[in-house]
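**Student:** This is the structure I want to talk about, given as structure tokens.
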Amino acid sequence: MLELRHRAGCPGPGGAVAPPPREGEAAGGDHETESTSDKETDIDDRYGDLDSRTDSDIPEILPSSDRTPEILKKALSGLSSRWKNWWIRGILTLTMISLFFLIIYMGSFMLMLLVLGIQVKCFHEIITIGYRVYRSYDLPWFRTLSWYFLLCVNYFFYGETVADYFATFVQREEQLQSLIRYHRFISFALYLAGFCMFVLSLVKKHYRLQFYMFAWTHVTLLITVTQSHLVIQNLFEGMIWFLVPISSVICNDITAYLFGFFFGRTPLIKLSPKKTWEGFIGGFFSTVVFGFIAAYVLSKYQYFVCPVEYRSDVNSFVTECEPSEIFQLQSYSLPPFLKAVLRRETVSLYPFQIHSIALSTFASLIGPFGGFFASGFKRAFKIKDFANTIPGHGGIMDRFDCQYLMATFVHVYITSFIRGPNPSKVLQQLLVLQPEQQLNIYKTLKTHLIEKGILQPTLKV
């Protein structure tokens, strides 16, 4: 059918009319001279109609196997599929939350490793979908180059993090100093090597699909690596900036599911037929209340509110500081209508609780659109879940599709409304300067403080 359409000059997959074959050419492809080798002919035969495929030609991915533990299957065998799925999701959700609490207890470094592990798994799930969809085409070097680009991008982003937050440690190691000094050049050289490998892997009559996969890989990197990097940047501002946003998204996911399960009647969006307005609205109010309470509880502890800093003297991360103003109780006057209801003039709150309302609102109103985006992606490739890693939940990407939007919002929110220059980061940068440069900065800063009256001028004898 495709061959007939092209021969007749009918619109191809992109809507363009295929030109008639030029004199001396075959109707279905380029003219091959008699000097063409047998090997090149085999390649042409193998990939000849590759760029002529339409979206309807994309093979449907086989459904993932059920990985539910046998003990759960036997215990829930008498229930309907609806309630069986409810119990499986509930049990696995409680298990994941318990493990999350354990990792929080183990400290910020373990949380960073968790974020990195989730990033790699999400990348693997998305890339695997691309590989399965176009598997019959046997793309040259596709998987190898995809993982190579993942390493390159991670090297660039986390090398920047090491330079910013571990400068004192790097200063003691001469080998690391060279790596940090030329970090961006090395990162560019590594990426350039991958770019050249991609160009060398291009196969005749295979070009367009290979560029599809090149774009697929880079969009996947944008979704996973850059967002996970922002999550870790938020974590360095204080564990509370990591926990409240993430737990708000989790709370919204759970409560929206519960409200939708028990009260849902009105469909919300066609991309996700099971989502309802009742679940969406119930999840919103529940999330705002949860975020407000969680912010109050966590703001009491330095462990959660202090920026995460690396101390070279103890060779570990520490969370000790004098909490900033947004984590200190403040008195606020109540609006007139609340004064009559609560019978009090003022209320004591942590300013962060007010910020938590903005974070929770985003998590419940905008965050779900990350899930809708993921639903559209899965529908486009005729799959139910990204993977079957978690029984009843799908893949890791299915659980964290909303978190990536949240990570970006929190980072932008902090830089826009909360944080000025980071003193710890500035200090780390000063410590790696040459002694003459440090002395000049000291003299300039001292003169500035004397002019502002903060320091008293020294008397000259």
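Backbone N, Cα and C define each Cβ position, glycine as well.
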**Student:** Labelled transmembrane segment by TrEMBL, one stretch among 210-232, 394-416. Can you tell me which?
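**Tutor:** Comparing 210-232, 394-416 with TrEMBL, transmembrane segment matches 210-232.
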**Student:** May I ask you to indicate which of 103-129, 238-264 is given in TrEMBL as transmembrane segment?
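**Tutor:** Checking TrEMBL against the ranges 103-129, 238-264, the transmembrane segment one is 238-264.
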**Student:** With the transmembrane segment (238-264) as the reference, which stretch in 141-158, 185-203, 210-232, 352-374 has the largest tally of C-beta pairs below 8 Å?
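**Tutor:** So the stretch in question is 352-374.
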**Student:** Please work out which recorded stretch in 141-158, 185-203, 276-298, 352-374 has the most C-beta pairs separated by under 8 angstroms from the transmembrane segment (210-232)?
**Tutor:** 141-158
**Student:** Report, as numbers and ranges, which residues of the same chain sit near the transmembrane segment (141-158): CB under 8 Å and 6 or more residues beyond its ends.
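**Tutor:** Counting only partners 6 or more residues beyond its ends, the transmembrane segment (141-158) has Cβ contacts under 8 Å with 120, 123, 127, 130-131, 183-184, 186-187, 190-191, 194, 197-198, 201, 210, 213, 217-218, 220-221, 225-226, 229.
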